[in-house]
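Per TrEMBL, these features apply:
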COMPBIAS  71-81  compositional bias 'Gly residues'
COMPBIAS  88-98  compositional bias 'Basic and acidic residues'
DOMAIN    120-517  domain 'Amino acid transporter transmembrane'
REGION    67-105  region 'Disordered'
TRANSMEM  151-172  transmembrane segment
TRANSMEM  213-235  transmembrane segment
TRANSMEM  247-265  transmembrane segment
TRANSMEM  271-291  transmembrane segment
TRANSMEM  311-328  transmembrane segment
TRANSMEM  348-367  transmembrane segment
TRANSMEM  438-455  transmembrane segment
TRANSMEM  461-483  transmembrane segment
TRANSMEM  495-514  transmembrane segment
Amino acid sequence: MATVIRSKISNKITNAANTVSNKSQAKVSGMFAKLGFQAATDEEGLGFAACDDLDYEYRQGMQMDILNTDGAGGEGEGEGSSEGMVEGDSHYQRDGTRHPSSSFKDGGACDELAAQDKPKITAWEAGWNVTNAIQGMFVLGLPYAILHGGYLGLFLIIFAAVVCCYTGKILIACLYEENEDGELVRVRDSYVDIANACCAPRFPSLGGHVVNVAQIIELVMTCILYVVVSGNLMYNSFPSLPVSQKAWSIIATAALLPCAFLKNLKAVSKFSLLCTLAHFVINILVIAYCLSRARDWAWDKVKFYIDVKKFPISIGIIVFSYTSQIFLPSLEGNMQKPSEFHCMMNWTHIAACILKGLFALVAYLTWADATKEVITDNLPSTIRAVVNIFLVAKALLSYPLPFFAAVEVLEKSLFQDGGRAIFPDCYGGDGRLKSWGLGLRCALVVFTLLMAIYVPHFALLMGLTGSLTGAGLCFLLPSLFHLKLMWRKLLWHQVFFDVAIFVIGGICSISGFIHSMEGLVEAYKYNIQD
């Protein structure tokens, strides 16, 4: 009898030890896989699209570890536990949907990622990525927002910074849940995962589809804006040439066609970094020129009342200039010390608020009612051409980032979603892009050109995008997801903030969208050229 008891106790201890060992191995392997993912992302720098792609590979490696662990420890945890882990924990997938296990040939990819033991990015490097997103060339439209909003426009620049900083933090909070010991554990990896978790169990993939659609719209609209601003800047730089703005847009798009052949963004990201630095220099030059005319500043032109018809468009412009929520989850996962994320968000948005407010106010005071949609068009012809050429170079080299991101989302959703893809795979067995897939990429480039030709209005398009997807991704969805996932843990003032942000964001989004559409229809109807 004693022998039987000792045998049972020994078997239980052995099974428990194997289970703990397998779980520890999975965690360690996942940790090294994550380190490899971080290193690759650090090399990409500004390419958040490539970061998303590497994030997908990392999650595949993590799921492989979990599948192997469940298979090895089957006696300890049971078959149902393994199956529940794969089906329930959608945060190991790119879009919250489970890829069939047959898609993983072996653990080689995971082992290769685990071998890359390189440091993650620091808080300063993460802050640079956020700054690059919210301090881009679209600040050139902010003085136009002050033209129609006056002092209220300045207040909105501050208000949008505060709200976007807050919603970025609560979006990251939705990635975490408490374990049995009361410690916060990261259980989700992306915006899509959060959306799917909120819609589960009735519609487990609906939220991810909504976020993907909003993301695609914003990315494609950003590409269109780059083409529009390129044509606008070149046309106003060389007005004596017999070349129209549409013709300049066509020339710019011809230079962008090689984007269809992109496989990664390493080289493009390096050029984009240099162009971003050049853009900061250009902003300083514009402010310096405005300061040189400080004696002529028209303080009496800054109004306390608003243009009811055009001010909602200004709201969209301001919101669009702060959009960064799309890649914040991946960015926070890349940081050496995720605890520094809140501090990083604070100083980046405070800096953005101060620089944007000063730039918009100083530029508007210089040109007052003559302020144009792209503020560099107000510069004297002697320096306008030089500044605009640099900005066009910045726009053209920034175009591949949102374009590649949009292509990635479309390909993964429509052509590479395992057995659930709507269309056949656009890649061959050797990993090369098929000819018709290349044709679709070229068609997307041409589509951005056609939109830029038929709607060549920078401020209206920017306001429309900010009202439609910017407000949704920055205001509405983060507050809604935070309420849904953290309802029982929130204090009353947090609930109030979330509800207030959702209501205000909804009102601004609807009014901005309606007025932007009215402006676009009117501009197209009367063929008003900027």
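Residue 1 is the first one shown; counting continues down the chain.
Positions of Cβ are set from backbone N, Cα and C atoms, glycine also.
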Touch test for the transmembrane segment (247-265) and the transmembrane segment (151-172), at least 3 Cβ pairs under 8 Å: no
Stretch-level contact, the transmembrane segment (348-367) and the transmembrane segment (151-172), CB cutoff 8 A, at least 3 pairs: yes
Same-chain residues at least 6 beyond the ends of the transmembrane segment (311-328) whose Cβ lies under 8 Å from its Cβ atoms: 48, 51-52, 129-130, 133-134, 136, 138-139, 141-142, 144-146, 148-149, 152-153, 156-157, 160-161, 164, 167-168, 171-172, 191, 215, 218, 349, 352, 356, 459-460, 462-471, 473-475, 478, 508, 511-516, 519
Positions on the same chain near the transmembrane segment (461-483), where near means CB under 8 A and six or more residues out: 138, 141, 163-164, 167-168, 170-171, 173-174, 191, 194-195, 198, 211, 214-215, 217-218, 221-222, 224-225, 228, 312-323, 325-326, 455, 490, 495, 497-499, 501-502, 504-506, 508-513, 515-517, 519-520
